[in-house]
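Working notes, structure below.
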Amino acid sequence: MGLLLLVPLLLLPGSYGLPFYNGFYYSNSANDQNPGNGHGKDLLNGVKLVVETPEETLFTYQGASVILPCRYHYEPALGSPRRVRIKWWKLSENGAPEKDVLVAIGLRHRSFGDYQGRVHLRQEKEHDVSLEIQDLRLEDYGRYRCEVIDGLEDESGLVELELRGVVFPYQSPNGRYQLNFHEGQQVCAEQGAVVASFEQLFRAWEEGLDWCNAGWLQDATVQYPIMLPRQPCGGPGLAPGVRSYGPRHRRLHRYDVFCFATALKGRVYYLEHPEKLTLTEAREACQEDDATIAKVGQLFAAWKFHGLDRCDAGWLADGSVRYPVVHPHPNCGPPEPGVRSFGFPDPQSRLYGVYCYRQH
């Protein structure tokens, strides 16, 4: 059901929003819109404007800088340069509103919202209007449109940006199925993550994620990934796949949540300490080591991308106790790689160490 609902979204053209931006004017005529990549229109003199963007998805990580390539040219080529207007915006997905990113005419430009101070046009070569985004944030991934406007004609192309990351299921300290959609968003954010999209969960399932508890996704559907069909998880007669409960009420219905965390700029490590610690002592010990107690998303990212492999259970920021295993071995849990969990023990218990995070 979730996959079927996503297909129409991919076909929706971006709307232009407000026509005026700090002195820039853009036509809102429906005839000016073109959802394709690199297909030109005939200008009045028979010259065609062509915009080129990459067909492949760009992958990067949180905190990095990335260039979204976009170039344009004319067919046939023109002998003299023309004054064009450039607009970049992020398309609406999963109920999130469309976001204006940057508009420019010549050397004049303006960026918007959370992108202010983080984006600029490259313009290093003629007809190069690639967008550079700095200090990438979790919410920056998605589809971006590059539009070139020449007089009454315009042409645009799409660039898809994905962050390298890991999907992990998250359950409330109060137990299974305790989170409505908004609470799911909050707990993911508290763990250095965002609610996962269907595409991210599907990719995680392809890589082997098998989880029987249903959880919220970014589009407010509830789904769960199954690699090994079994009785408690829909029955052994169903094929492996991502199973869907469909859309659920964002406030009234309660499930777990699937979070998505990206690769780290910093380092997660198990703090070598002479004694086991309470949760409060664990936080203080990390601070004394010029670090902070690690979040769940940071531990999963360190396991996934930095090969953190440790058989020692340690406190995390949410009060849970976990440990990451890359190479399973005896006396260290199940035979599969993963991040093991002891749940949420008594915060006063002195049975565990701590995982700290230090930013580079």
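Heads up, the Cβ atoms here are built off N, Cα and C, so glycines get one too.
Note that the coordinates shown come from a computational prediction; the quantities given were computed from them, not determined experimentally.
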Looking at the disulfide bonds in TrEMBL, identify which of Cys286, Cys332 pairs up with Cys311. Cys332
Residue pair Cys311 (disulfide bond), Cys233 (disulfide bond) - Cα distance, angstrom, rounded: 29
Based on DSSP, tally up the residues of the domain 'Link' (266-358) by helix, strand and coil. 20 helix, 25 strand, 48 coil
Averaged over the domain 'Link' (266-358), what pLDDT does the predicted model reach? 96
For Cys332 (disulfide bond), what residues in its own chain, 6 or more apart in sequence, show a Cβ-Cβ distance under 8 Å? Cys311, Val325
Per 10 Å Cβ neighbour count, which of the disulfide-bonded residues Cys212, Cys233, Cys311 ranks highest? Cys233
